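What TrEMBL says about this one:
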type: BINDING; residues: 117, 122, 127; note: oxalate binding site
type: BINDING; residues: 120, 122, 127, 166; note: Mn(2+) binding site
type: DISULFID; residues: 41-58; note: disulfide bond
type: DOMAIN; residues: 72-220; note: domain 'Cupin type-1'
């Protein structure tokens, strides 16, 4: 048994506490894009550039102008004439080179009446979502399947943690609009339904029928809603064929 003198903390306990605190600091520090080592790195597609930061070539600083840090098409509404009745226009590193190394991105989300921003997640960034016009039902699901949902009105803001499935549904008979910001220059987006029913190549029927406890007819019906591939075409993929390739 360790003999603890009154008024004194054992060195082992203090060391353990410091190590735990240090580990927590490291975890928090790595929860977003890497910290830039320079003022900026405007992305450029010139292969002759010698500097690469966060996977992007950097424009020569002497050639950078204020226009490299401006994006002027954010006022253009997205096309909501689709099955979901919503359109998320993401302004990230692929659209706006000025955000390279800055760890930020934005999105404009337009909703038709009763439009849905389908359940999805951003694997590389957390999101803060602000309602500009309209009333919405929104929520996210944690890793232990707990749903946090609420009604959002104009001026309300909600945070969607990194990597968690979330959604927004316009509850009104008129168009709605929201702006979203991300803690990553390239947050990515994975739609839940598409990640299961619209993959290339297809996930084997054996997996989906067992995973969802339905027959192949239901799986084909679901695929037809999310995949442009002709579902009547037999891709020739099977467990036996995959095993033969190993």
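For all residues, glycine too, the Cβ spot is worked out from N, Cα and C.
Note that TrEMBL annotation is computational and uncurated.
On the structure: features taken from TrEMBL.
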residue : record               : CB count, 10 Å
41      : disulfide bond       : 25
58      : disulfide bond       : 22
117     : oxalate binding site : 26
120     : Mn(2+) binding site  : 18
122     : oxalate binding site : 25
127     : oxalate binding site : 22
166     : Mn(2+) binding site  : 21
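Within 8 Å of the centroid of the Cβ atoms of 117, 122, 127, where the record puts oxalate, the same chain has further Cβ atoms from 88, 107, 120, 121, 129, 160, 166, 180, 182, 187, 189.
Taken through DSSP, the domain 'Cupin type-1' (72-220) splits into 22 helix, 57 strand, 70 coil.
Note: the Cα of residue 58 (disulfide bond) and the Cα of residue 166 (Mn(2+) binding site) are spaced 34 Å from each other.
Between the C-alpha atoms of residue 120 (Mn(2+) binding site) and residue 127 (oxalate binding site), the distance comes to 12 Å. Between the alpha carbons (Cα) of residue 117 (oxalate binding site) and residue 166 (Mn(2+) binding site) lies a span of roughly 9 Å. Using the Cβ center of 120, 122, 127, 166 for Mn(2+), the list of other same-chain residues with Cβ within 8 Å runs, in sequence order, 121, 140, 160, 164, 165, 187, 189. A separation of roughly 23 Å, to the nearest angstrom, links the Cα atoms of residue 122 (oxalate binding site) and residue 41 (disulfide bond). Separation of the C-alpha atoms of residue 127 (oxalate binding site) and residue 166 (Mn(2+) binding site): 10 Å, rounded to the nearest whole number.
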